[in-house]
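> This structure is in structure tokens; I'll ask about it shortly.
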Amino acid sequence: MKQFFTFVKKEFYHVFRDRKTLLMLFGLPIAQIMLFGFALTNEIKDSKIMVVDYANDSASKEIIQKLAASDQFELQKSLMSHREIEAAFKQGIVNLAVVFPANFNSDLLSQNSAQIQVIADASDPNKANSLTNYVNNIVRDYQQERVNESQLPYQIQAEIRMLYNPELKGATNFVPGVMALVLVLVCVLMTSISIVREKENGTMEILLVSPFNPFLVIISKAVPYFVLSLINLTVILLLSIFLMEMPFEGSLLLFYAESSLLIIAALSLGLLISNSTDSQQTAMLLALMGMMIPTMLFTGFMFPIENMPVPLRIISNVVPSKWYYIIVKSIMIKGLGFSAIWKETLVLVGMTAFFLFVSFKKFKIRLA
Amino acid sequence: MVTLQNISKTYNKGAIKAVDQVSFKVKKGELFGLIGPDGAGKTSIFRMLTTLLIPDGGVASVNGLDVVTGYKEIRKQVGYMPGKFSLYQDLTVEENLNFFATLFNTTVQENYDLIKEIYVQIEPFKTRRAGKLSGGMKQKLALCCALIHRPTVLFLDEPTTGVDTVSRKEFWDMLKRLKDQGITILVSTPYMDEATLCERIALIQGGKIMSIDTPEAIIKSYPSPLFAVKSSKMSVLLEDLRKQDQVKSSFAFGEFHHLTFKENLPENQQSLLNDLEKLGHTCLEMKEITPTIEDCFIQLMSH
């Protein structure tokens with residue numbers, strides 16, 4: 001047992017004395033969570049729009065005011081003619097234009113119906129869709145106010161409630177994803193390098209010619225990274241709760257237990273890579289290429305898995321972070337308990353057992 | 001203590017024959033040297049004896065334990081110092097030593113008497129990281145780490161490669177003292193001049209043992225008298241020597257060329273000097289010398 005602790009201590013020395021490793025270990029996660037949390041969101045804020053108001057009456061002015069007041073839009077300028085619209089689009093000054101026809105208010109009063117033209121720059125289709133939706137909502141709001149004044153025979157209202165994330169904040173979607181990404185990347189990368197480094201430096205030769213149990217080498221390599229990953233996780237969690245205003249509805253204990261499971265899965269995958277390669281470079285490349293892209297693509301926080309073709313959906317099942325993402329969303333945002341996520345947990349447990357088994361199998365007690 | 005019987009090792013599925021039918025015995029408490037150039041198969045032999053590689057053929061044992069089946073026991077009993085410096089460069093001298101002591105279930109205090117003489121030399125640098133030590137110090141530290149568990153057999157793979165002359169001499173003095181403590185030492189080196197420091201040596205080339213004996217006996221067995229020649233034009237001299245009928249072999253060796261005659265007649269020496277003078281060599285000097293291990297090696301290689 002004393003041997004084991006000495007070995008773990010040695011591993012900690014390795015980590016703390018290598019500035020690059022330390023930076024990667026703690027800098028990378030913080031940078032990523034900030035990037036995804038603030039910079040790379042799919043929320044649209046302060047989109048530039050312009051308005052052509054042929055009506056220039058009370059109704060059109062009121063709607064324009066509402067548009068200008070909303071967070072999503074920033075009124076760039078009001079034009080006199082719709083001919084200028086295309087020029088503005090081509091210059092890239094605006095993303096959306098709203099045109100009010102002449103007699104807008106009187107049409108509304110006399111015919112109980114009027115039209116507004118909404119023109120969006122659909123070169124980015126997702127953005128165009130979101131923007132037109134925002135306009136629709138604002139116009140509907142206005143209509144609602146008018147309806148209360150006049151008397152219509154009947155009307156159907158769809159009352160929409162956005163559960164768990166009423167403000168449709170992007171962070172809610174990204175943070176659990178980034179957590180999964182960071183944990184998987186850091187753990188796999190760090191551990192995959194660690195055993196290979198002993199091979200490259202020749203220290204593995206001495207370790208093997210000693211009474212130390214080779215399996216303990218593997219386990220003691222994983223311990224420091226496990227501890228450091230938990231610290232990492234705590235940092236990410238604090239950042240996302242206090243800086244990104246993420247909700248945390250569920251049990252903290254369950255969250256840590258499930259995260260530990262993912263960390264162990266990632267560590268054993270890293271050890272597997274480490275045991276199967278001979279140079280730090282190969283190990284690093286394998287860990288980065290083999291983990292980064294699948295984790296980004298198949299976790300579900302960037303691209304919805306439901307929209308993928310069947311083969312890709314099947315592949316996504318072997319990506320551990322996909323299951324973790326489901327688990328974390330359930331705990332953090334929905335506040336669900338273990339009974340809701342036991343299936344996903346079981347999948348992760350199975351994966352971990354498999355990785356560990358194979359990496360123990362692949363560990364060589366000799367050089368060749 | 002250490003025995004090898006017809007040990008063979010091939011790499012790349014038999015394409016490269018690194019060790020070919022090697023057999024020798026190292027007695028208890030002996031300082032045995034494996035002498036040969038790079039690529040002779042020394043490291044492969046060491047790795048098989050330290051249970052790191054499995055031989056393709058033959059049987060080998062250390063302390064009576066088979067290197068394949070008894071690997072767990074052997075790993076507890078032997079000390080191994082690989083050819084490449086293999087300690088943790090980012091750990092200090094002290095940390096390295098403590099780490100390896102714990103790894104072998106012992107403490108530095110327990111076996112301090114064994115390493116004391118070596119350790120005092122590096123003790124002033126005990127808080128320095130191993131990667132920042134000089135070549136000689138690194139080897140001393142590595143030797144301390146290999147000795148810390150009081151091994152019965154010590155395997156040192158090219159411990160003096162890349163070490164300056166003074167440190168090399170110190171290192172060999174240490175090995176002698178360790179031998180006096182009853183530790184069996186198997187050491188390999190590409191430096192022929194170190195061969196005479198061993199009790200017995202095996203000359204190895206191309207994976208094959210050419211000769212095993214004490215250095216003195218190997219020197220004695222040199223088949224014919226050996227002469228050293230010098231002149232003012234050394235590079236031309238070697239070519240001219242090789243053209244002479246009475247010369248059997250000649251090769252460059254430091255500031256002299258070494259040569260042997262086909263027939264050992266006293267008049268041959270004079271006739272050779274005369275011939276060389278006719279070829280325009282001046283300041284000619286020739287003397288009979290005692291062969292070195294290197295001469296023996298070259299002679300054995302040409303067979």
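Glycine is treated like the rest: Cβ placed from N, Cα and C.
Any TrEMBL annotation is an automated prediction that lacks curation.
Reproduced below are the annotations present in TrEMBL:
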type     : residues  : note
DOMAIN   : A:132-366 : domain 'ABC transmembrane type-2'
TRANSMEM : A:21-40   : transmembrane segment
TRANSMEM : A:174-196 : transmembrane segment
TRANSMEM : A:222-244 : transmembrane segment
TRANSMEM : A:250-273 : transmembrane segment
TRANSMEM : A:285-305 : transmembrane segment
TRANSMEM : A:340-360 : transmembrane segment
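Show me how these features fit into the structure around them.
With a threshold of 8 Å between CB atoms, the same-chain residues lying at least 6 positions outside the transmembrane segment (A:21-40) that come near it are 14-15, 171, 174-175, 177-179, 181-182, 185-186, 189-190, 228, 232, 235-236, 239-240, 243-244.
Within its own chain, the transmembrane segment (A:250-273) is flanked in space by residues 179-180, 183-184, 186-192, 194-195, 218, 221-222, 225-226, 229-230, 233, 237, 283, 286-287, 290-291, 320-321, 324, 327-328, 330-332, 334-338, 341, 345, 348-349, 351-352, 355-356, 358-359, 362, which lie at least six positions past its ends and keep a Cβ under 8 Å from the stretch.
Through the fold, the transmembrane segment (A:285-305) approaches residues 173-174, 176-178, 180-181, 184-185, 188-189, 192-193, 269-270, 273, 277, 312-313, 315-316, 319, 321-322, 325-326 of its own chain, all at least 6 residues removed from its boundaries and within a Cβ separation under 8 Å.
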